[in-house]
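A.B. asks: For reference, Swiss-Prot lists these features for the protein:
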type	residues	note
DOMAIN	37-104	domain 'BTB'
REPEAT	296-343	repeat 'Kelch 1'
REPEAT	344-390	repeat 'Kelch 2'
REPEAT	391-437	repeat 'Kelch 3'
REPEAT	439-485	repeat 'Kelch 4'
REPEAT	487-533	repeat 'Kelch 5'
REPEAT	535-583	repeat 'Kelch 6'
Amino acid sequence: MSKEECPKAADNSFSSDKHAQLILAQMNKMRSGQHFCDVQLQVGKETFQVHRLVLAASSPYFAALFTGGMKESSKDVVQILGVEAGIFQLLLDFIYTGVVNIAVTNVQELIVAADMLQLTEVVNLCCDFLKGQIDPQNCIGLFQFSEQIACHDLLEFTENYIHVHFLEVHTGEEFLGLTKDQLIKILRSEELSIEDEYQVFLAAMQWILKDLGKRRKHVVEVLDPVRFPLLPSQRLLKYIEGVSDFNLRVALQTLLKEYCEVCKSPKENKFCSFLQTSKVRPRKKARKYLYAVGGYTRLQGGRWSDSRALSCVERFDTFSQYWTTVSSLHQARCGLGVAVVGGMVYAIGGEKDSMIFDCTECYDPVTKQWTTVASMNHPRCGLGVCVCYGAIYALGGWVGAEIGNTIERFDPDENKWEVVGSMAVSRYYFGCCEMQGLIYAVGGISNEGLELRSFEVYDPLSKRWSPLPPMGTRRAYLGVAALNDCIYAIGGWNETQDALHTVEKYSFEEEKWVEVASMKVPRAGMCAVTVNGLLYVSGGRSSSHDFLAPGTLDSVEVYNPHSDTWTEIGNMITSRCEGGVAVL
């Protein structure tokens, strides 16, 4: 073959995966045979013959030591302080082989030494080893250790583990050895996986009682993260009465009294704003229950007169994702309002067979029973209900021959309703929610029988209403909920379009309503509530066809604001419309 016929050599680069390993293995042999070693490292009573180049290439610590102009760079013998010889041997073996022997007995010393010598790979390997060893009995110790050595990756991992396994962790001996600040940091977390807030209170008290003499002075600080409005008052009082130490019992009684007074007598300050937004809301990872209360049910294709008011109550478990039945209301009712205060569920007003109620019932999740409490001053259905500053507000609604325009306030401690103001625009079957100490009223039906677009805000402190930009669509029988500093108006009904599946969101930053993803099913008279950063919509009624009465729905949809999508989850046991919903 002539030279001209030879194929032109391609300009390709090839690499060998084994090259680096072979070089490293050969350097380790040279170290073992003490060939070309150019420095001795004195660690304790041991001396190690090594190569400056290998160590400097493996660690910024040694690179600075040998090339940074330090006096050690020219010495034949360099002393390494702060490391035990056996641990240094393991680290030196890693530098020359890429392999390190990690065990339960040496991992803590190893990670400290590796961190000092800036051997990041060994630090990461030790962290991975410790993560694999973690359990509810040792996680507190690992948390404290990672905090001590400022290992942020391990600290974050152990914190998350403590949050997820809190119910097991807080019963262990290590938990009682936490410092005050460490305990408070844990108890403040939104990520605690708990059944209810009472477990956080018990964990805090358990820590205090372990060394009451020294820890008594920290009672206020340690209990500050506890969300007292979520605790059933009778259960809390019963615990306090059982405290044997007189001084501690008095301190707890005083603390509880002061807290209740602050919640009941709010001032326009940041502290009360904080109370509203954080203390009343269940923790993000707490086990939560959705209570679907009352309403009416009607089969698809049935007559208008076939609707039946419900007394049944269902509970949805956010952990198991199942619906179960709980104790029924004493009085079947639809068009009612539902609220949660002090760990209790309240069912307010409503109607059955054109009889409008002023009665209020209260459900205790501990005793699993409904009891009757004080009645409103005016019977009303299609009312708006929300909780603000530890009290229940009942707004507007239908009171018989006309729309009620009064606002009533219920004090759970005094078991008393009082009229505190009036609606700026009389309305019924509207949406209502609370956000940052203000009450918002959206849509509904007016005195003239028209579906409304209007949107207003009420300040319970000044007792004044202010108008806000109206919705794009007229909506009555809608669902309303606050989520991520926005207010959502969901579904509903108007005479022109019948049941709606569209959803609007009001952005306070942009001061306008925008449409977001529509529900999969048109709904009017549904219930809406926010849980763990998601929006849950349950029940309602569908559109009517051929003049037939619309059937009630048992389906449930969940809205994710980040993906702007709706997902269907498990259906309720009973289809229902114009009921109430609460989260506990």
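Every residue, even glycine, has its Cβ placed from backbone N, Cα and C.
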A.B. asks: Restricting attention to the repeat 'Kelch 4' (439-485), give the mean pLDDT.
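C.D. replies: Its mean pLDDT is 97.
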A.B. asks: Which residue counts does DSSP yield for the repeat 'Kelch 6' (535-583) in the helix, strand and coil classes, in that order?
C.D. replies: 0 helix, 21 strand, 28 coil
A.B. asks: Can you tell me how the residues of the repeat 'Kelch 3' (391-437) break down into helix, strand and coil by DSSP?
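C.D. replies: Per-class counts: 0 helix, 26 strand, 21 coil.
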A.B. asks: Take the repeat 'Kelch 5' (487-533) and count its residues per DSSP category (helix H/G/I, strand E/B, coil), listing them in that order.
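C.D. replies: Tallying H, G and I as helix, E and B as strand, the rest coil: 0 helix, 26 strand, 21 coil.
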A.B. asks: What is the three-state DSSP composition of the repeat 'Kelch 2' (344-390), stated as helix, strand and coil residue counts?
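C.D. replies: Taking the repeat 'Kelch 2' (344-390) as a whole: 0 helix, 25 strand, 22 coil.
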A.B. asks: Work out, from DSSP, the number of helix, strand and coil residues along the repeat 'Kelch 4' (439-485).
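C.D. replies: For the repeat 'Kelch 4' (439-485), the helix, strand and coil counts are 0 helix, 22 strand, 25 coil.
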